[in-house]
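Annotated features, as they stand in TrEMBL:
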{"type": "BINDING", "residues": "A:Asp109", "note": "Fe cation binding site"}
{"type": "BINDING", "residues": "A:Cys117, A:Cys120, A:Cys157, A:Cys160", "note": "Zn(2+) binding site"}
Protein chains: 2
Amino acid sequence: MSDQPASSAPAFAPHDHRACEARALDQARDRLAENGARLTPVRRRTLEILLESHRAMGAYEVLDRLAAEGFGRQPPVAYRALEFLVEHGLAHRLQRLNAFAACLHPGHDHAPAFLICRSCDMLAELPAAPVRDALADLAAENGFQVERVTIEALGLCPACAGTAA
Amino acid sequence: MSDQPASSAPAFAPHDHRACEARALDQARDRLAENGARLTPVRRRTLEILLESHRAMGAYEVLDRLAAEGFGRQPPVAYRALEFLVEHGLAHRLQRLNAFAACLHPGHDHAPAFLICRSCDMLAELPAAPVRDALADLAAENGFQVERVTIEALGLCPACAGTAA
DNA sequence: CTTTCGCATGTTATATGATAACAAGTCAAT
DNA sequence: ATTGACTTGTTATCATATAACATGCGAAAG
């Protein structure tokens, strides 16, 4: 367990974000190499933008950033890069927000659960094995073949809950 | 257990749909009476439209139906009725599809899990207590206060899985 | 080399989903 | 009969997402 915080992840806790970003980028490179996919400039920049914060970003927010840096300024530019990242497990799409977020554990325990703070927009991506198992049981009971799952909770992160109280 | 199929619900199985519809409408009336809210013609019709099938419908699909029957033809007409139904627990919003579906168990075990068939669009709404509990544990570990949860699985219903095989 | 082919990037145009802001109608309770 | 809360309707606009097509670029076959 050198670099995988596994179940007791920092989540909303403060942490060394530079390292966090760098590690995710490295893992992304590895993963793409394995799959024979290319981390082109737009794609790389898109991933970096998502990695800057533990927040979900709308496609148009990402697009503005890309456009400002000389990439194309039409929606498909952002959507394609985001779709690529999602396909390769380097980012997630948050259904609840119509938005995207960088994946913090590429390659590990996919289909995580998300805790989304409605006050500060911060996001925690957590290993969701127990939750998925419970859902898998439910599906099995009903003869349903699960392909993708969406497990998201909206609420207040510890910091915001404290402030409100 | 006269009318609550509880955990082993028909889900994707064939069933007496007229009764299913009628019961949901009755329960809706009860529930709204309790809350002092009105089941006006648009709202009632919107609920009936959702109840016709165990599918999720987009707001614009509902709107077309309403408009064809003499109600307003502008988006807010549908969105308002749908929002009202969701607020009172008579319908659910499916994040994964940007769509809405009638609630089949108004008043019982809310925040259910959904199984959505990507082939025939059929939908099962299931009591999700174990799944929610697992998610609640995860949230508690991270000091997160959950307010709303989204638990959805996309895949193949028994019928479609059988056909494909 | 250079041709070819697949993929990446870019564009224009349009589809789809959702809300803000305001006007007018309904209806129960005074 | 009048008020005031709520409901319905409108116009206008915003936000999200994708289809369809043109161009460029680079690796591999000739």
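Even glycines carry a Cβ here, placed using N, Cα and C.
Other residues of the chain with a Cβ within 8 Å of the Cβ centroid of A:Cys117, A:Cys120, A:Cys157, A:Cys160, the Zn(2+) site, are A:Phe12, A:Arg118, A:Ser119, A:Asp121, A:Met122, A:Leu156, A:Pro158, A:Ala159, A:Ala161. The binding-site residues listed here are A:Cys120, A:Cys157, A:Cys160; among them, A:Cys157 has the most other Cβ atoms within 10 Å of its own Cβ.
Counted within 10 Å of its Cβ, the other Cβ atoms near A:Cys117 (Zn(2+) binding site) come to 23, all protein chains included.
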